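Below is one structure, written out as structure tokens; the observations come after it.
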């Protein structure tokens, strides 16, 4: 498929974005992109992966790269094509021939070939980064580094000595649940992928003494 990309977005060391990912850290290493409305898809596109090939400019390497969607490009030029990508500086440089990164970054809007691909984070398992406002009555976290589809259909949380409870997806990669009584850990998290409907269980992944802003890594990922 043919789309367009440009470079007004992130530097290699940037963090955050609408999806809330730590984009400069492994395994992303800054190889990220903001997506136009059809790609970001109201947050459903957070964490999805795309292969991009640039061959319409002399500075293009004509070698594909893979990027993860971590932010939104909401309107204006971003909505002018069926698909639009705003690449990070590092990702834009990776599309270029050796020594031609700055030339490609200054080229403006480029026509590219793209396709959705499965995410593959080697030697990395799913992680849960607790939201700054999370508390025992309001559990919320960002889910990071899912292999495969990269997007999730369902997440369920199981408190200590309790049943699995469905969580609600916010307009990003954040999932939340509110409770009238405090929820106590350790917590099991069950995740269902959106496309393949595969299920993985992260057992006791969030400890009883969890804290906001902390990241808890599981020992599982989609295959």
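Cβ atoms here come from the backbone N, Cα and C positions, even for glycine.
According to Swiss-Prot, the feature disulfide bond maps to 19-46 (among others), an assignment based on sequence analysis. DSSP assigns residue 19 (disulfide bond) to coil in the three-state reduction, outside any helix or strand. A C-beta separation below 8 Å, combined with a sequence spacing of at least six in one chain, links residue 19 (disulfide bond) to 43, 46, 47, 69, 70, 71, 142, 172, 173.
The secondary structure of residue 49 (disulfide bond), as reduced to three states from DSSP, is extended strand. The disulfide bond annotation in Swiss-Prot covers 49-119 (among others) and rests on sequence analysis.
Neighbour list (residue 60 (disulfide bond), Cβ cut-off 8 Å, at least 6 residues apart, same chain): 54, 95, 96, 97, 104, 110. Under the three-state DSSP scheme, residue 60 (disulfide bond) falls in the strand class. Per Swiss-Prot, disulfide bond is recorded for 54-60 (among others), and the stated evidence type is sequence analysis.
The domain 'Expansin-like EG45' annotation in Swiss-Prot covers 16-124.
Per DSSP, the domain 'Expansin-like CBD' (137-218) is made up of 0 helix, 42 strand, 40 coil. Per Swiss-Prot, domain 'Expansin-like CBD' is recorded for 137-218, and the stated evidence type is sequence analysis.
There are 10 other CB atoms within 10 A of the CB of residue 213 (N-linked glycosylation site), with all protein chains counted. The N-linked glycosylation site feature in Swiss-Prot is assigned to 213.
For residue 49 (disulfide bond), other Cβ atoms within 10 Å of its Cβ number 22. Note on the disulfide-bonded residues 46, 54, 119: the fewest other CB atoms within 10 A surround the CB of 119. For the pair residue 119 (disulfide bond) and residue 213 (N-linked glycosylation site), the C-alpha distance works out to 25 angstrom.
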